[in-house]
């Protein structure tokens with residue numbers, strides 16, 4: 001038996017909102033990572049470098065959001081969401097494998113670029129997909145899922161207090 005159309009639209013929107021979970025997760029996980037003794041021992045960053053590690057993600061998201069609109073018009077919403085997710089995966093891999101601050105900066109910027117695509121295009125996709133009766137709830141999912149991602153990152157940060165904490169958090 002098929003789902004009623006509104007339920008189907010809602011569930012598809014929940015799935016699409018997972019991009020916001022990535023955003024909240026990455027914003028939250030870096031706080032624990034840069035504060036860990038293992039991060040300091042591995043990268044020996046100055047305060048300015050630590051700040052740059054945190055903020056370059058948001059800079060990447062700024063540019064990703066700017067590129068997502070034209071990409072969404074050219075590729076379509078679904079393919080742009082997939083592109084954003086692939087870019088984020090590449091950035092996460094670079095962060096997890098980083099051996100110096102340059103790779104970490106690159107990974108954070110690339111992950112931010114991917115997340116910028118996602119947070120820009122997902123609400124458009126949701127609004128276009130949703131029936132007017134549920135459109136408000138559906139488009140609010142993005143902000144809710146951002147909070148879910150931050151909550152998950154905090155719990156992951158608590159569990160990964162070993163030498164692999166930053167790398168495990170980047171891969172989760």
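Even glycines carry a Cβ here, placed using N, Cα and C.
TrEMBL lists 7-31, 51-69, 81-98, 104-125 with the feature transmembrane segment. According to TrEMBL, the domain 'Major facilitator superfamily (MFS) profile' annotation covers 12-172.
For the transmembrane segment (104-125), the list of distant contacts is 16-17, 19-20, 22-23, 26, 30, 43, 52-53, 56-69, 71-72, 77-78, 80-81, 83-98, 139, 142, 170: same-chain residues at least six beyond its ends, Cβ to Cβ under 8 Å. For the transmembrane segment (7-31), the list of distant contacts is 53-54, 57, 61, 81, 84-85, 88, 92, 108, 111-112, 114-115, 118-119, 122, 125-126, 129-131, 134, 137-138, 141-154, 156-157, 169-170, 172: same-chain residues at least six beyond its ends, Cβ to Cβ under 8 Å. When pLDDT values are averaged over the domain 'Major facilitator superfamily (MFS) profile' (12-172), the model yields 87.
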